[in-house]
Amino acid sequence: MLCYLLIHILCLQAVLGVPYDVLPLRIPALVPKDTSLLSGRGAFQQLIDHTNLDVGTFSQSYWFNTTYWGGPGSPIIFYTPGQHAATDRLHYLTDTTLPGLVAKEVRGAVVLVEHRYFGESQPFSNLSTANLQYLTLDQVLADFVHFARTVDLPFDLSGQSHPSRAPWIWIGNSYSAALVAWTEKLIPNVFWAYYASGAMVNCMQDFWQFNYPTQQGMPQDCRYSLEAIISHVDSVFLSGSPEQKHRLKTRFGLQDLDRLDDTASALSRPVIAWTLIQPSDTHAQFFEMCDAIGNLNSSWSRGHKVGSEINLQKALGNYANWFTTSYLPGLCESSGYSDWAGRNNVQCLDTANPSWQAFHDLAVQNEDRVWDWMICNFFLLWQTGAPVSRPTIFSRLVDSMYYKRRCKLIFPEEENVTYAARVTDDSINTLTGGWNHTGKRILFTNGEFDPWRSASVSSVFRPDGPMQSTSQQPIILIKGVQHQADMYVRNRINKDVREAMDTGIAQISRWVLDFHVEKSKTLTQYTSQVYCAH
């Protein structure tokens, strides 16, 4: 009977012009699972330019883990590490992270694909401005869609786990979560469902809102001290005497920096460490800084109460001591560039000197240059000081022009090409919908105190307020945590993270079942037509 049905469906396909590779057909697994391929890697010949095939291809690396895979026709859990070399993120193939945990639940295989221009997946031998022209958002999205549609996975020789026959679930975090959302919006109907943790979907140039969740979640005594310190720094640098400016720079070991905006930026940088804190962490640099400012011997707790009135000079002195003894030493030297060598070298904080080796490092291993290209060209999201009407923990001397100046130095014009100097936040938001993302079978999660929340669908700065959850686009706000906490199984020690992960996995499982229900309905319609014709 099955053979009879298949023959007639193929005949119907010929009449209707339905290509075989998109037939909504899920055949029971006839090929046993190859247990010799529990994990491995492959190389996919990816198009350099999806709009011009003549440009050629490059080798895009991918890895897979079929430990929990149910065999041909079972789901594929798709992941890309985004702006990181894949070899540094292979743990996302395992059940120590959400992709592996979802695979375990739905009997799926995890496939991890490296992002173009990162790690081993290099279209060219160097990162010149001219060679980076093919690093665009549309090319990146097209890469992953083309991979899903055309790859021959070595563990699925029958092709029954092709996205037309089995559900592909794309899970992403941070930048890769934004790629998840933008793919669902711009190239739908390839992946079946999506999970986006900490996705920054709304691009902004002066992204002062970045530090707002930090101010809300950090120990409040530390917050008020930092606000007072940054206010003092800005006041001195904007209206103080030359002697006062030099004295303040020297107090923080930054006397070798010529520009005041570079100095102010350097003094603001430590607060960014807030976004790195995970619930399972037993130590965090951010809380070490707060302990130092408050002159405490034990770590700050998230419930630290507001105490006495701020003593600016005491807080400033404590911060300077921590900055010069714990934060600054080795900061520039760790980059490995000879012109930034020396334990107390601060020149990596100088963004205006075009002679620095880092600005001319075109090696394909230079991930910072690749990410700078993406930021300068497309995403912006530059962390700046808050408007004068709001308290700030980031200097107001740092604005979008501060970052644009650096973009021009890193990416000078070559062969009549340069970075997109006239890009605006509206360029991407008009294309993607920005904060107003409405999708199908996509789940968003964000941490309550994640700085990137301010660019997410859960942003309090969204014109209509945080987006409301729907059945097709569930949105989970995880209480009390920072960035992408739900991606790591170790964070399940936190009740709110555990509940969010369980809710998300249950939702993905339902969507996997929906795939087979919908495909069965479609197959039934074909079957009905076959029998009606006879």
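The backbone N, Cα and C atoms fix where each Cβ goes, glycine too.
Here is what Swiss-Prot says about this protein:
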| type | residues | note |
| --- | --- | --- |
| SIGNAL | 1-17 | signal peptide |
| CARBOHYD | Asn65 | N-linked glycosylation site |
| CARBOHYD | Asn126 | N-linked glycosylation site |
| ACT_SITE | Ser174 | active site, charge relay system |
| CARBOHYD | Asn297 | N-linked glycosylation site |
| CARBOHYD | Asn416 | N-linked glycosylation site |
| CARBOHYD | Asn436 | N-linked glycosylation site |
| ACT_SITE | Asp450 | active site, charge relay system |
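Comparing the glycosylation sites Asn65, Asn416 on other C-beta atoms within 10 angstroms of each C-beta gives the minimum for Asn416. Between Ser174 (active site, charge relay system) and Asn416 (N-linked glycosylation site), the C-alpha separation comes to 33 Å.
Each residue contributes its Cα atom, and for Asn436 (N-linked glycosylation site) and Asn65 (N-linked glycosylation site) these two points are 35 Å apart. When secondary structure is read from DSSP and collapsed to three states, Asn65 (N-linked glycosylation site) falls in the strand class. When the alpha carbons of Asn126 (N-linked glycosylation site) and Asn416 (N-linked glycosylation site) are compared, the span between them is 18 angstrom. Put simply, Asn416 (N-linked glycosylation site) is 44 Å from Asn65 (N-linked glycosylation site) when counted between their Cα atoms. If you draw a 10 Å sphere around the CB of Ser174 (active site, charge relay system), it holds 22 other CB atoms from the protein chains shown.
With a cut-off of 8 Å between CB atoms and residues at least 6 apart in sequence, the same chain places Gly198, Pro213, Thr275, Ser456, Val481, Gln482, His483, Gln484 near Asp450 (active site, charge relay system), listed in sequence order. Counting every protein chain shown, the Cβ of Asn126 (N-linked glycosylation site) has 13 other Cβ atoms within 10 Å.
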